[in-house]
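Reading through the structure tokens given below for one structure.
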Amino acid sequence: MYKKLFTKKFISFVMSLLLVLTAAFSSMPFHNVYAADNASVVANIVGDFQDQLGDSNWNIDSNITIMQYVGNGLYEFTTPTQLKAGSYQYKVALNHSWNGGGVPSQGNLTLNLTNDSYVTFWFDYNTQSVTDSTKYTPISNDKLPRLVGTIQSAIGAGKDWDPGTSTAIMIDDNFDNVYSYTAHIPKGDYQYKVTLGNTWAENYGANGVQDGSNIQLSVANDADITFFYDANTHNIWTNYSPTLTGLDNNIYYDDLKHDTHDPFFRNPFGAIKVGQTVTLRIQAKNHDLESARISYWDDINKTRTELPMTRIGESPDGNYEYWEIKLSFDHPTRIWYYFILKDGTKTAYYGDNDDQLGGLGKATDTVNKDFELTVYDKNFDTNDWMKGAVMYQIFPDRFYNGDTSNDHAKTLSRGNDPIEFHNDWNDLPDNPNNAGTPGYTGDGIWSNDFFGGDLKGIDDKLDYLKGLGVSVIYLNPIFESPSNHKYDTADYTKIDEMFGTTQDFEKLMSDAHAKGINIILDGVFNHTSDDSIYFNRYGKYPDLGAYQDWKDGNQSLSPYGDWYTINSDGTYECWWGYDSLPVIKSLNGSEYNVTSWANFIINDKNAISKYWLNPDENLNDGADGWRLDVENEVAHDFWTHFRDAINTVKPEAPMIAENWGDASLDLLGDSFNSVMNYQFRNDIIDFLIGQSFDDGNGQHNPIDAAKLDQRLMSIYERYPLPAFYSTMNLLGSHDTMSILTVFGYNSADPNENSDAAKRLAEQKLKLATILQMGYPGMADIYYGDEAGVSGGKDPDDRRTFPWGNEDTALQDFFKNVSSIRNNNQVLKTGDLETLYAQNDVYAIGRRIINGKDAFGNSYPDSAAIVAINRSNSDQQITIDTTKFLRDGVAFKDLINGDKSYTINGGQITINIPAMSGVMLISDDGQDLTAPQVPSNVVATSGNGKVDLSWSQSDGATGYNIYRSSVEGGLYEKIASNVTGTTFEDTNVTNGLKYVYAISAVDELGNESEMSIDTVAYPAYPIGWVGNLTQVVDNHVISVSNPTEDIYAEVWADGLTNSTGQGPNMIAQLGYKYVGGTVNDSVYGSVYNSVYGVDDSDFTWVNAQYVGDIGNNDQYKASLHLINRSMGYLMRFSDNQGQSWTTTDTLSFYVVPSDDLIKPTAPILNQPGVESSRVSLTWSPSTDNVGIYNYEIYRSDGGTFNKIATVSNEVYNYVDTSVINGTTYSYKVVAADPSFNRTESNVVTIKPDVVPIKVTFNVTVPDYTPNSVNLAGTFPNATW
């Protein structure tokens, strides 16, 4: 940074002057000078607190609350006495009148005081902004930001680099802590910074860095530029956007944008159905891009496709341009896409952000990350009882012992290992990791200890679960198995005898159904137990197991022999190296190809998948669905057949995938319809944990509310809507550390079992549960979490339920929030919107409006706001509700004493206690149904105006008019509460495009969706065109002999009358072969047209403005004629080509030159197959005079079209405007200087994805076995 020094005497003078000036005014900053001052306007702050100031409430004639005029539109008022703690409403009245409704015009502002306080109010007349000191703290005058740099002298704002003389003082006229200053900047290059105050003590430069480098500013032409400084982030920027023209081999990365969460850039939001159209858009600096393309990978078809995008227009302020493509897909799949952007020699790529969470993407020089788009079966759905359910997961052995007679039904665990039975229900699970430590009493054997919990115990506690609000129970495995976890199935056809009998199972199912509870079973179909009737490693079963028969020398004798791969040395494939879990063989890539296994699990009449849903031909006695273990380690087609099978018993029965990551491919509609949402768990933990922590499943690092929202929105965006509302949103499971222990409390650990640790952990659990119960999906409670059970990693995460020793206060909390969920349909199937995500507070909104939920089902109107505050202090947040709900909607906080809240002025202010949350539910009976969306909207373009009309909407008392420059978004409301069904927009510029949409509003303020877009192009009527130049006949054809300039004129009253080119006028010269001349025979044999090319229509070239001819504007163009005799005309449009006015058509003869010899034909080589490109090469042609250029033509089955021209020294061309899987034909035409032309041969090619050979070289230790497995995802790889 460069700084000039001045004498202390001078600085002292400046400081004294500033002190004198500022002493006369309040603490608010000065504003930029505006064209007109508003000192004559009287502004009153009025509200329901005026009585405390010796006035009457809402008194617009008050002389007590008149605001002091500070200058440049700014008013200020500070209460002379403290206002009492409480909630108040207020607004600003102008000139002692309610004309215009006051400020703001719609609704009142809210003031919440937790203590008696003086309050200062501010009003900016120029921006119509109002705020108060509870929401806003201004920078003091002596620290006001100001511009300093070489720009000062250019704008008359003091001496360069002298903050003491800078008069470029920035102000905050919207009260949002963003300070601005506007000045007229001459053309030139500048450097500047921002200082706070009139010294260098605190200054900010590039990227908002304190004492950072100077900021560069290059101004191409004189311009009014606004400079901005954000007092919170210290970022500095301008609104300057120089106009780009032509190719500059540069792309402005900062202006590129694609945001998958913004419906303007991706519409509709989230996963789409097969056949549904998704619109994708990308933003760039206006006139920056030469072309934009999308490249996407189809995860199912394993194909990559590149397609061109279309430039659809520019932003209303002219700063940005937008490119668009519409896509639809005819099959379920997952799409990965990014954008390829070109400007001359520069190529940029725009893909997802580094975390690949969707939302706002990132520009890079090379391909980086792809955005994700899920396409699912249009008939995909889930049972309504899944959506918004409260689920309860039970580990049967540890829940409740209802039948002690089966406690010792078995004596052996795996092989000959004994069963270790706990006679004390309150023992901790045996953890062999602790063997050898003081106090350890276990036998050191894994998974062989039992407590006696059983199916009857669950049945006995159904009333408890019903009282907890549970509507779905998920049972860990219950089939015969040697272990306590039972993920090592010994016999799929039997209930484990320590859990009960088939009759106990049927009774549990029937009793649960009678109480409105559905039950999900756990299916383990990737592996079995080695101690099973199927493998029978230890010979405990009379049936011939696969391993048993292998030992006898013939594995095929066993009916289960083909289920497993057993090597000659007795080793076998097992799950993650555990020899207790032999894996089912994947034959030719799928377990389903093992016929006997597929029949046993899926195909047979009483196959396992179907039997347990209907064990006795009474559906009420069967389970309701399956949770399926390690599903991503089983071939997908196995699961599609599994789905088909269970649909024959209970259609759309749950298939819940155990998938710890992105389960999009599992949720396309052909198999799974839900997933264990471990991502939800991890996101909630990261938000609440407060410190880095490894819970045994992965590292947790703290995030703020904005990152939490980004992560949760990523899940919402990827999953089909029915699946998203049916995801199993868990906080813990049998595979994770207890959620209380994750949050710092473990009753069995002296270092973590203090009352303070428990209190803090329970507070965090309550926060997590509030959000879980307010969020779409199945809110899953892991047994005992609600009773205060803690526990470390497996096996400590499977402690017994503390019957008789529950944390009853925590149980009551769970009962309360689950009842709030169950009693309010809006929390089950209402739509979802993020309302607030800043720092420590996260808030979501749920709605059932217009009488419909997120799935179009009919329910009474309702709304909810759910928010959590993780900070140690109370938080007051103000939520913008303008796009969520109308004013006047009232809520009660059902967690905190039914405290009332109401939306006013397009916002709602909510008080959230420290380390707590709120669940606001709208009061019953409120009308949230909007009028019908306006239809038959018509925009009629006129001269300087657009006339709109539409049909009356039932229930509407008014209409809002929205306008944009592009279809589908960027709308600005230009009129409110229009009472009729017509509107005239006169605030338009002729020649520009305007897009309109209209919404209907009822008397309460419910606003409908916007109507379908309608487009208008206001324009001056073109009154006359003519004076087209007549080209002289017998024009000799030659590359060096273009026609003379061809002129024409246009007159449009009001547009061309004034000096200079009429704005937005387009002129084009058109030409085509007209035939019927004496030279046709010559042209047919020498200057022949390219075969297969349609040249029957006009070809158009742009004409240039020349000057004024009286009241007319004159334009010109010229032609290089390449064949035959020509007809030509000129056309004009001042409405962006929507309509044209043409001159008369003239013609002239083109005659051949002395050179009638055609070039030799180029030989076009057959190109190789490549993905999304075709690379052409050819042999050079020869000619008696020389080759002028080569023209490249392409056909995709119809006529040939010229796609490029290259010089005479270029013999190759790469066509990237192709689509994989489409067949193209190409030919090259050689032309000489007299346009004698000769075609090459035709080649045909179909671009496609090309497999490549990859060799992996791995260095391993000497003791490594001969075979090494390579883990990963390699679609369609051939080894």
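Heads up, the Cβ atoms here are built off N, Cα and C, so glycines get one too.
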Ca(2+) 1 site partner of D248, N250, D288 (as recorded in Swiss-Prot), chosen from D189, D343, D352, D354: D343
DSSP-derived helix, strand and coil totals, residue by residue, for the domain 'Fibronectin type-III 2' (1158-1252): 0 helix, 38 strand, 57 coil
The one of D248, D288, D343 whose CB sees the fewest other CB atoms within 10 Å, among these binding-site residues: D248
CB-centroid shell, 8 A cutoff, Ca(2+) 1 site D248, N250, D288, D343, site residues removed: L244, L247, N249, I251, Y252, K285, L289, E290, G344, K346
Three-state secondary structure, D343 (Ca(2+) 1 binding site) (per DSSP): strand
Alpha-carbon distance [D735 (site 'Transition state stabilizer'); D629 (active site, nucleophile)] in Å: 12
Integer mean pLDDT for the domain 'Fibronectin type-III 1' (930-1022): 96
Within the domain 'Fibronectin type-III 1' (930-1022), residues counted as helix, strand or coil by DSSP: 0 helix, 38 strand, 55 coil
Distance from D735 (site 'Transition state stabilizer') back to N250 (Ca(2+) 1 binding site), taken between C-alpha atoms, in Å: 52
Rounded to the nearest Å - Cα separation of D735 (site 'Transition state stabilizer') and D248 (Ca(2+) 1 binding site): 57
Secondary-structure category, per DSSP, in which D288 (Ca(2+) 1 binding site) falls: coil
